[in-house]
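Enquirer: Following this message is one structure expressed as structure tokens.
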Amino acid sequence: MASGISRETVSYECFRDSNGRSTTKASGITTSAADTDEPGEHSPLLSISSQEDPIIDLPARPRQWLSRRCLTQVLILVVILASAGDQLQESPQTRIFESIICYRYYEVADPGKLLLDRGSVGPGAIGGVAEIHCKVNAVQEQLAMLRGYQQLLDGIPALMLALPFGWAADRFGRKPLLSMGLLSAVFRFAWIQLVTWFWQIFDVRMTWLSTLHACFGGGSAVTTGVFFVILSDITPEAERASVFLQAGASSLLANLVMSPLSAWWMQTDPWIPNLIGILICVSTLLALPFIPETLGARPDSSLTSSRPSTPSGESVARPQDIAGASELVSTDLLARWSARFRDAISFLTQDWRILALCLFFFGHTLIASSSRLLLQYMSKRYNIIFADATMLLTVYNGVKVLLLFVLLPYLSTLSMRTFRLSGQTKDLYLARASQICVLIGFTLIGFSPNVPTVVVSMSVASLGTGTYLLIRSFITSLVPGHHIARVYSIMTLVDTIGAMLGGPILAGLFKSGLALGDSWIGLPFYFLGLMNAAFAVLIFAVRLRPDEARIKLPGEEADSR
């Protein structure tokens, strides 16, 4: 492939021409074996063209390849299936945990409230105690701590593996890590179901061992990061924020549909949506054969694609690696690895905004996982069953879907076409507005005295759903293509630390709020409000450089890399 061909125009479509020759289409340019030099008597054993080909060879492709648009749709389908399965399980799983804790509590505290003895009660202790009796503080405190420490333990492997997995994604490819992440998630769900099904044998805290799945796939945070790296690889900068928002909206659309369905099935038996959710999660594995390896295929990765290959197919060092090679002649292994590490993170010191905005992801998992606490909070504070609380979350998810499918895409298009804002300017301004909504919404949730006011507060908070997608898109525009997976790994690290610390913190605040009583039960949401106020100050401190504020002409995007 000629060095002048832009990666942005490659559609990854393989086909055969009318003569049966295998050809590859890229921007309307067709190459075949007939177009290349035939080896002759004086030809070298190692082809020169193979050494000077500036395009990184991708793994072998199927005969018929998907276009970029079709590939994006396949990835979004994976998001929909994973989100649908997870949403179907979330409320029923919480109810099953509560049922087990509640049954064991009343076995000691008040056996008279037991409806069935241990030998007669079914999986998950469902039906052993009336749900209304499970809203006592002792049960709710144990439930909150069970979920909080699960988040803490889930974060440990992800914290240790995020950077190595990010390096592996840049070195060996994205698809293997995505496959491992999806498969390990299935193992995690299966273990939790096993423990809760045979609750008479296992202590419910044995579910904490499900965190070991992250040793295989890096955990959900790593898998999410790899997913967005793949989307970034195949999407031009001008479209990146919109594609990220579509992915987020698709996830929320699945949540919107599955929440009432889960609530309806829960009225019969929470195990029905729980098991169906697992089957849907397993179905995500069926999409893997259709997802190609996208390493080196980023539309604006001209810097990456210009790196020559060695005869063995390995990429040679980048110019900055070569420049520092004279300093690495020493046999001191520690010094060599230290120099490589400094080179790997050098881009962080060149633009303070990258590292500063990565701090936002500290609160990402807190807010994402707060829906579980919100479910428990509404059930306890307003004295309603989990099925009814799950229905209230439908309003929360409905506003999110409206925001990401309609409002943000409209504002995005309006800002670029009418107000002539650059993609980076647009992302930054929309992220600021979204952060204000998050700040106000979560603070109001804590102060809401009844169901109508908490629904309004949730709606305001949901208007800030796009904040982290917009920030992710903005950070991506600041980073060279060959560093993108590493930056996403840093996001994953910060995100994981937030999950590890945030789970126990929110659970502890909820426990303290229960002890204090009255409006103090909203203490976790007061904390989220203060945290988001600090992040709002940070995002307003970020400024655009003059060359970033102007609209780039076609072709400049790749050149800037």
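First residue shown is number 1, and so on along the chain.
Cβ coordinates are placed from backbone N, Cα and C, and glycine is handled just like the others.
Below are the features listed in TrEMBL for this protein:
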REGION    17-46  region 'Disordered'
COMPBIAS  20-34  compositional bias 'Polar residues'
TRANSMEM  181-202  transmembrane segment
TRANSMEM  208-231  transmembrane segment
TRANSMEM  243-265  transmembrane segment
TRANSMEM  271-291  transmembrane segment
REGION    298-318  region 'Disordered'
COMPBIAS  298-312  compositional bias 'Low complexity'
TRANSMEM  354-378  transmembrane segment
TRANSMEM  384-408  transmembrane segment
TRANSMEM  429-448  transmembrane segment
TRANSMEM  454-475  transmembrane segment
TRANSMEM  487-509  transmembrane segment
TRANSMEM  521-542  transmembrane segment
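Burial and contacts for the listed features, if you can.
Expert: Note on the transmembrane segment (208-231): residues 72, 75, 78-79, 149-150, 153-158, 161-162, 165-166, 169, 174-175, 177-178, 180-185, 187-188, 191-192, 240, 243-244, 247, 291, 294, 365, 472, 484-485, 488-489, 491-492, 495-496, 499 of its chain, located 6 or more positions outside it, place their CB under 8 angstroms from a CB of the stretch.
Listed by sequence, the residues of this chain that lie at least six past the ends of the transmembrane segment (384-408) yet keep a Cβ under 8 A from its Cβ atoms are 91, 94-95, 98, 131-132, 245-246, 248-249, 252-253, 255-256, 259-260, 262-264, 266-267, 371, 374-375, 378, 430, 451, 454-455, 458-459, 461-463, 465-466, 469.
Here the transmembrane segment (454-475) has Cβ contacts under 8 Å with residues 228, 240-241, 244-245, 247-248, 252, 353-354, 357-358, 360-361, 364, 374, 378, 382, 392-393, 395-397, 399-400, 403-404, 408, 423-424, 427-428, 430-431, 434-442, 444-445, 447-448, 487, 491, 539 of the same chain, all six or more residues outside its ends.
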Enquirer: Determine whether the transmembrane segment (271-291) and the transmembrane segment (181-202) share at least three Cβ pairs under 8 Å, counting only pairs 6 or more apart in sequence.
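Expert: By the criterion, they touch.
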Enquirer: Given a Cβ distance threshold of under 8 angstroms, which distant residues of the chain, six or more beyond its ends, lie next to the transmembrane segment (354-378)?
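Expert: Sequence-distant neighbours of the transmembrane segment (354-378): 90-91, 94, 140, 143-144, 147, 151, 221, 347-348, 384, 386, 389-390, 392-393, 396, 438, 442, 445, 451, 454, 458, 467-468, 471, 474-475, 478-479, 487, 490-492, 494-499, 502-503, 506-507, 510, 521-522, 524-525, 528, 531-532, 535, 538-539, 541-542.
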Enquirer: Counting only residues 6+ away from its ends, which parts of the chain sit with a Cβ under 8 Å from the transmembrane segment (181-202)?
Expert: 78, 82, 89, 93, 96-97, 100, 118, 123-125, 209-210, 213-214, 216-220, 222-223, 226, 274-275, 277-278, 281-282, 284-285, 288
Enquirer: Which bits of the chain, at least 6 residues beyond where the transmembrane segment (521-542) starts or stops, bring a Cβ under 8 A of a Cβ in it?
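Expert: The answer is 353, 356-357, 359-360, 363, 366-367, 370, 373, 377, 380-381, 428, 431-432, 435-436, 438-440, 442-443, 445-448, 471, 505-506, 509-510, 512-514.
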